[in-house]
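K.L.:
The structure follows.
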Amino acid sequence: MTSCHIAEEPIQKVAIFGGTHGNELTGVFLVKHWLENGAEIQRTGLEVKPFITNPRAVKKCTRYIDCDLNRIFDLENLGKKMSEDLPYEVRRAQEINHLFGPKDSEDSYDIIFDLHNTTSNMGCTLILEDSRNNFLIQMFHYIKTSLAPLPCYVYLIEHPSLKYATTRSIAKYPVGIEVGPQPQGVLRADILDQMRKMIKHALDFIHHFNEGKEFPPCAIEVYKIIEKVDYPRDENGEIAAVIHPNLQDQDWKPLHPGDPMFLTLDGKTIPLGGDCTVYPVFVNEAAYYEKKEAFAKTTKLTLNAKSIRCSLH
């Protein structure tokens, strides 16, 4: 009996990035550990390379030195002539692209897992860049099922103007892993354990796939970005209101028109306008104050994946 499935090439090269942001310590801590003792991330027939992406920022325990490394992996920055005048992160991006890419080439790594923390109450989050990627939808379904009953959310950043050029985007299959809440420059054991399990399940999925296991059609719930929301500001551009207590820590929960969104110092509530229910994420994220983002609005939808199987079997 034959089944109708998509034959995918086997996965051979995997990288795990930590320290893309130097003050998000779970990935830094895990990658440093795996560089010393990588037994738990090794799988038969698979090359798995742990890697510290922004060592200078890690050393200073800061998000970045000159600019955000996780926003500059576009072909323009990757193609700039190397010189000492370039921002440190642009030079580093070119080095990373040389080691793990080149981006959009046959030689690039198959999968890059990029490990991040958020100060927002987002729990375990997988970040997806392409809603039509059967392989990653299948992987995310496997991770979500394996983590249950612990919730694991999928954040889809596929958007013509809001998608950004991530560090992991040089891989054929880019995977963002975001776990919180955790303050910048801090390690929490519970967050560490959750991220470690996410990587374990992801590598197990790849191993099963390479061994010839067929994954039947599946569906996952995802939250797709639709808009970034700035804080209310005064005429000088200063923040004029804070996240309302009713919204604080309510990532992934429905926010209805009329629900409190911001609170001013004189006690005035600013509600959500419009006529659509949204699902906020990255609520009050510390790193996004400089980006003028109080939270991101998402809409909830379902993605379907076809059956997949490794082409070697």
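Here the Cβ of each residue, glycine as well, is placed from N, Cα and C on the backbone.
Not measured: the values here are computed from a predicted model.
Sharing the feature lines straight out of Swiss-Prot:
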- HIS21, GLU24, HIS116: Zn(2+) binding site (BINDING)
- ARG63, ASN70, ARG71, TYR164, ARG168, TYR288: N-acetyl-L-aspartate binding site (BINDING)
- ARG63: site 'Transition state stabilizer' (SITE)
- GLU178: active site, proton donor/acceptor (ACT_SITE)
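Could you tell me the structural context for the features on the list?
P.N.:
Taking all protein chains in view, 28 other C-beta atoms sit within 10 angstroms of the C-beta of GLU24 (Zn(2+) binding site).
Within the same chain, residues at least six positions away from ARG63 (N-acetyl-L-aspartate binding site) with a Cβ under 8 Å of its Cβ are HIS21, GLY22, ASN23, GLU24, ALA57, GLN184, ALA287. DSSP assigns ARG63 (N-acetyl-L-aspartate binding site) to coil in the three-state reduction, placing it in neither a helix nor a strand.
In the three-state DSSP reading, GLU178 (active site, proton donor/acceptor) counts as strand.
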K.L.:
Taking just the CA atoms, what is the gap between HIS116 (Zn(2+) binding site) and GLU178 (active site, proton donor/acceptor) in Å?
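P.N.:
So the Cα of GLU178 (active site, proton donor/acceptor) lies 5 Å away from that of HIS116 (Zn(2+) binding site).
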K.L.:
What count of other C-beta atoms do you get within 10 angstroms of the C-beta of ARG168 (N-acetyl-L-aspartate binding site), across all chains shown?
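P.N.:
The answer is 26.
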K.L.:
Taking only the Cα atoms, work out how far ASN70 (N-acetyl-L-aspartate binding site) lies from GLU178 (active site, proton donor/acceptor), in Å, as a whole number.
P.N.:
13
K.L.:
Far apart in sequence but close in space: which same-chain residues, 6 or more away, have a Cβ under 8 Å from GLU178 (active site, proton donor/acceptor)?
P.N.:
HIS116, ASN117, THR118, MET122, THR125, LEU126, ILE127, TYR155
